[in-house]
Structure formats: structure tokens, C-alpha cells
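Now, the feature entries from TrEMBL:
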{"type": "COMPBIAS", "residues": "1-10", "note": "compositional bias 'Acidic residues'"}
{"type": "REGION", "residues": "1-25", "note": "region 'Disordered'"}
{"type": "TRANSMEM", "residues": "54-77", "note": "transmembrane segment"}
{"type": "TRANSMEM", "residues": "97-119", "note": "transmembrane segment"}
{"type": "TRANSMEM", "residues": "126-143", "note": "transmembrane segment"}
{"type": "TRANSMEM", "residues": "219-238", "note": "transmembrane segment"}
{"type": "TRANSMEM", "residues": "276-297", "note": "transmembrane segment"}
{"type": "TRANSMEM", "residues": "309-328", "note": "transmembrane segment"}
{"type": "TRANSMEM", "residues": "340-362", "note": "transmembrane segment"}
{"type": "TRANSMEM", "residues": "408-431", "note": "transmembrane segment"}
{"type": "TRANSMEM", "residues": "443-465", "note": "transmembrane segment"}
């Protein structure tokens, strides 16, 4: 007869070889690895569905250009105008409006990239040109002391112009892919915004330290290094085959056809209504950035933040922007445009009141130190701003008809830039009218209050945005078919997507009709 205790002991030994918690631990470890691996799987999916050179181009243009160079330029140029040129905040706010001129001209850059190839190439030469212009402009600012205000402004505009040309070149590809593969439109914008936010994090993190070490003027030379990478991108990016040289008459005919297509598209209510909303939502949110920047660094009226801390503030804001992109990508990208934009605009207006609390120093009455409160305010505003901006970018990309994607997306981005220009000029006038100067900030809170009220008032315009989902095809089928026929004799030189996506486009407009 067997001893029952031996069987129990055997069971205990077997169980003891592998504790009950080990499987749970392995599951948790696999879960963590899956989470860490998700971004790489997502990138592999985009490279498979699109072209790897397209993904690399987004990272370099949005990440290194708009992200790193743009954020670095923002901080360093503020210190340049304040410490080197010694201008008033209202004047700097107005000058910043001129930065938008190259962005307003994006339809021209889009026209050039669409119908005026160089040496048979549509995209590659414009990356090279933008890199050269940005490098030269940054080097002139960094190496030539005693520049006049006008000369410095020309160089500043040259830097933003280089960014605009590189941006419109890659945007044409994003717009084309958004029409070819509408299901990936939100993913592409997520990649653009994530790259931009990650680059901005690096730019802001290093800006304050380099301003202290090199001075505001010397630090501008770093932008030349970033711009020079676009030159290399122009030589390395894959372009399937050169576009055939055309006769002048054929080129002009294509230009006229593209302009007619743009005019026909923008007249449609499905296009001009959301475009009008995007412009007004940006224009009515007047910019108070320069007034707040001067106040940040003022040793008497403001919190007297150091150069390094100002850079860290913006870096934390960039990190929060990445969080905003992830929140949109994971939770909000499938919501209807109107619903999401209404909610985002409401929170955007309410969160702006944190600036008012900070300027009035109510945070000190609540026992919250300046450093803690400004970090909280930056995180909140950047997350909300990114969630508000992302659906507008997806909406813009989905309004571009095939064949003229570069020109039309550039036109929509021109409208965005006009909104930004209006916001800068409006903010500059408000700072001037309320007498906010380098040393007098008594009425800064009134400017911030007016800005917040205008943001909330924008809620009354959300009816201009369609209720459509991001996966819907927004353009009428006749625009899609006509654009394809007009462009059927010319192929895209930069192969970015698989060609099988085009066959599906003919049935999608009817399936997703608004």
C-alpha cells in the first residue's frame, strides 16, 4: 500500500519547482515587451505599406526641421531680439509675423514641386535648395555682428523659408498617401507630429544651455548644421525615375489645369467651410508669446527665469506634445472631426486661463511656486494644443484631390499660416494697445484675458467642420475622378506607396459619401 504522504510530497515538489506566480511574471514581462515593441511594429507597418524613404523623409523634415531647428530657432531668436537687437516685445511680436511669409507662399512652392521639375526630378532638388538657403542664412546671423534689424529679419525669414520649402515637399507626399491610403491618414499625421515633438524636445532642451555658452547670436549657427542635413536628404532620398522634360507649352497647360482644379475644389462647401474654420480658429487665438517671454525673464515684475530654465520649460512642453500625439493616436483618432474639435477648442480656451493665473501671480497665493506652476501650465497647454491641431491636419490632408496634392495641401497650409500671421499681428497690436513694454507688464493680464475669450468664442464656428469620421473620403467622387483623369498622363516621380491602393479609390467615394 502506497504511503499517501509521499504523493503529497511529490505534488509539493512539483509545485515548488515552478511557483504559481512565475507564469504571471512571464505574462507581465511579455506584456511590457509588447508595449515597448509596439512603436517599432508600427514603424515597420508604415515602412511596409508606404516606402521607407518616405518615413525617413518625415523624420528628417518634421523631426530635424520643424521639430529641432524650429524649436531651437524659437528660443534663440527670442533672446537675439531681446538681448542683441534690444527690441520691445510688441515689435518682436510683429516681426515674428514675417516668419509666416514663406509659409503663406507654400502654394507657390507646391506649384514648383508639382509641375516644375529640375533635371527631371520633382522632389530632390527642392530639399537641396532649402538646405542651402537655411545654412547660409543661419551662418550669416551667427558670424556677422552688428547686423541691422532689417538684415537680421531677412535672414530670419530665410531660415523659415528653408523650413517651408522642405516642409511643402514632404507634405505633397503625405497628402498623396492620405488619398491613396485613407485608412493610414491619421497614422501618417501621428508620425509627423511625433517626429516634430521629439525633435522639439531635443531643440528646447539644448537651446537655453547653448544660449548661455555661445550667446544668442552664436547659438544660431547650430541651425546651419540642421539645415545642411536636408542637402544630404536631397541626394539620398529615393526617386523612382526622372520625370520627362516637357515643352514650355505643356508645362503651362499643366499649371493652368492645376489652378483650375484648385479653384474647382476650394469652391465646394465641403472644402471651404472647414478651411475657413481652421483659419478663424488660429487667427482668433491671438499670440501673447513675446509679452510672456519678456515677463518670464524680467527680474522685477516676473519670475526671472534663467536661460536654462526657459529652455527646460519649452522642453517639458515638447514632451507634453508627444503625450498629446499619443493620446490622439491611441484614443481620439477615430472620433468625428466636429465632435473632437469642439471638445478640444473648449478645453483649449479654458486651459488658457492658467496663463492668467500665472501672470496675476495667484499661484503664489495658492502656495504653488512659479517653477512648479509654469511646468504644469506648459504640460496642459501643449497636450491640449496638440490634440486640437492633429484633427485639423488630418482634415486638411483628406481635402486634397489626387494629382494636385502638393499644391492644394500647400494652399491649405497657407491658410493655416495666414491664421498664424493674423494671430501674431493681432497679439502685437494688443501688446502695443495695452502698453506692454520691456519693463511695464501691468496690463499683460488683460491681453491674456482677451486671448482666452476669443478662444472660447471660436466654439460658435465649429458648425463649419463636417461630422465625418477620419476614415471617410471627404471629397466628392467627381473631384476625385476628374483629378485622376487630368493627371493620368503623368506619374509621381517619388514612389511612396504601393500602386495597388489606387484601384480601391474608385469605389471608396461612394462608400464614404457624406
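The backbone N, Cα and C atoms fix where each Cβ goes, glycine too.
Because TrEMBL annotations are produced automatically, they should be read as predictions rather than curated entries.
Note that the coordinates shown come from a computational prediction; the quantities given were computed from them, not determined experimentally.
Contact check: the transmembrane segment (97-119) against the transmembrane segment (219-238) gives fewer than three Cβ pairs closer than 8 Å, residues 6 or more apart, which falls short of the contact criterion. Note: the stretches the transmembrane segment (443-465) and the transmembrane segment (126-143) are not in contact (fewer than 3 CB pairs below 8 A, sequence gap of 6 or more). Within its own chain, the transmembrane segment (309-328) has Cβ neighbours under 8 Å at 67, 71, 74-75, 190, 193-194, 196-198, 200-201, 203-209, 211, 293, 296-297, 371, 374-375, 378-387, 390-391, counting only residues six or more beyond its boundaries. Highest Cβ contact count with the transmembrane segment (126-143) among the listed stretches 54-77, 219-238, 276-297, 340-362, 408-431 falls to 219-238 (criterion: pairs under 8 Å). Ranking 54-77, 219-238, 276-297, 340-362 by CB pairs under 8 A with the transmembrane segment (408-431) puts 276-297 at the top. For the transmembrane segment (276-297), the partner stretch with the most Cβ pairs below 8 Å, chosen from 54-77, 219-238, 340-362, is 340-362. Remote same-chain partners of the transmembrane segment (340-362), defined as residues 6 or more beyond its termini with a Cβ less than 8 Å from a stretch Cβ, comprise 277, 281, 285, 288, 292, 295, 332, 370, 373-374, 376-377, 380-381, 384-385, 387-388, 391-392, 441, 444-445, 448-449, 451-453, 455-456, 458-459, 462, 465. Beyond the ends of the transmembrane segment (219-238), by six or more residues, the same chain brings 51, 53, 56-57, 60-61, 64-65, 68-69, 72-73, 76-77, 80, 123-135, 138-139, 141-143, 159, 162, 166, 206-207, 210-211, 213, 494-495 to within a C-beta distance below 8 angstroms of the stretch.
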